[in-house]
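Below: the structure, in structure tokens.
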Amino acid sequence: MAHWQRWSPRPPTVESRTSHSVTLSWSTEPYNTSQYNVVYILQKREKLPPWVIVYSGGKTTVTIDRLAPAHPHRFRLKIALKPRGGAVQPSPKEMTHSIKADPSSERVLAPDTRGARGSLQSRWSEECCTSTDSDGTTAACFCMAVRCGYVKQVQQMLEERPVLLSAVNASTGLTPLATAVNKGATTMVRLLLSLGADTEQRIGGGRTPLHLAVLAAHYQIVELLLEQHADIEARDTNGLRVEHLAVDSGDLETLKLVLGRGEVTVTDNNGWTPLFRAVCQGARTDIIQELVHRGSRVDVIDRAGLPLLAAARLLKDRHGRRRDSVLRLVDSQYQHEKVVANFTRLTKKISSVQALLK
């Protein structure tokens with residue numbers, strides 16, 4: 001029966017659905033199992049445990065109820081053969097016709113019956129994706145489907161309510177596109193953009209999907225949004241542009257991509273350039289080096305009157321020491337000061353030796 005245990009049935013088919021239930025059906029498969037009771041095992045996707053048995057029996061049409069309204073659901077099917085009394089396992093050649101389902105065999109099996117004595121089980125089918133209805137699919141439900149990557153459900157929901165494409169989830173403050181961007185779901189972002197999602201729709205803090213993608217260093221999504229002509233000059237409520245957020249991301253490749261289309265000298269509400277922000281935020285040396293090499297000015301002063309060089313000199317690493325690697329990049333007098341300091345230390349040592357020899 002190794003052939004049976006390697007075989008997978010077709011996924012369940014959605015017959016109907018309501019706000020609290022889904023009716024699924026499946027067809028019998030071309031095997032003769034007259035000596036066996038047939039048990040169909042249906043599981044639903046959950047969080048913990050990941051799959052839960054919601055039906056086990058001989059019916060080929062089942063309604064799963066008590067489901068949350070306006071919610072996406074996934075199901076999968078397995079077929080188990082339970083021997084009748086005194087039955088002998090038939091050979092694969094004998095299993096050539098249709099299954100004879102026995103509705104009287106309906107009962108819940110243990111979640112793991114793979115190795116149960118006398119039980120033959122197929123593999124799991126592919127997943128069947130569906131969702132429960134609602135009086136109107138909510139933005140929260142739609143964003144949940146987006147976040148979970150349920151492409152079919154997203155398309156179905158938008159067919160019913162196209163306005164959901166720009167709806168804002170009240171619990172998160174995110175639009176569907178912003179939800180997909182935050183998740184890093186490139187496929188979902190591409191789908192939403194193809195359906196007309198607004199690349200300039202703002203969320204809390206005045207940030208656009210491009211701002212979110214850059215900050216999270218989702219490189220491919222940044223490319224997608226730029227291909228859709230997302231506004232690279234857009235600012236959030238603090239006056240930050242994507243150049244500043246690329247510094248915050250800490251990702252060198254994302255920074256290079258943004259600077260290739262943006263401006264290295266742009267300032268925020270504090271008068272900080274991306275380089276100024278990198279220095280004050282303690283960015284890595286390679287980030288600061290990239291900004292300097294692209295022409296960032298080192299003689300700038302912010303709106304509080306703090307020069308960038310002063311900020312760099314005040315900057316300490318996590319051990320409380322000055323970051324000399326940063327000073328070498330932004331302080332033109334660094335090498336001269338270093339030479340003078342070394343010369344002073346050397347002179348003091350010579351003076352001390354001469355004093356001892358007297």
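Any Cβ shown, glycine's included, is placed from N, Cα and C.
Automatic, uncurated: that is what TrEMBL annotation is.
For 1-22 (among others), the entry in TrEMBL reads region 'Disordered'. Non-local neighbours of the region 'Disordered' (1-22) in the same chain are 29, 31, 42, 61, 63-70, 73, 75-79, 81, 89, 92, 95, 120-128, 130-135; each lies 6+ residues outside the stretch with a CB under 8 Å from one of its CB atoms.
Annotation comment: TrEMBL describes 8-102 as domain 'Fibronectin type-III'.
Residues or ranges marked as region 'Disordered' by TrEMBL: 85-116 (among others).
Among the features that TrEMBL reports, compositional bias 'Basic and acidic residues' is placed at 94-105.
Distant neighbours of the repeat 'ANK' (172-204): 139, 142-143, 146-147, 149, 151, 154-155, 158, 164-166, 210, 212-213, 216, 218, 220-221, 224-225, 228-231, 234; these residues of the same chain sit at least 6 beyond its ends, with a Cβ under 8 Å from one of its Cβ atoms. Residues annotated as repeat 'ANK' in TrEMBL: 172-204 (among others).
Mean pLDDT for the repeat 'ANK' (205-237) in the predicted structure: 96. Sequence annotations record features per position, and here TrEMBL assigns repeat 'ANK' to 205-237 (among others).
Proximity of distant same-chain residues to the repeat 'ANK' (270-303), defined by a Cβ-Cβ separation under 8 Å and at least 6 residues beyond the stretch ends, is recorded for 238-239, 243-244, 246-248, 250, 252, 255-256, 259, 264, 309, 311-312, 315, 317, 323, 325-326, 329-332. Annotated repeat 'ANK' per TrEMBL: 270-303 (among others), in sequence order.
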- Message: What does the DSSP secondary structure composition of the repeat 'ANK' (270-303) look like, as residue counts for helix, strand and coil?
- Response: 16 helix, 1 strand, 17 coil
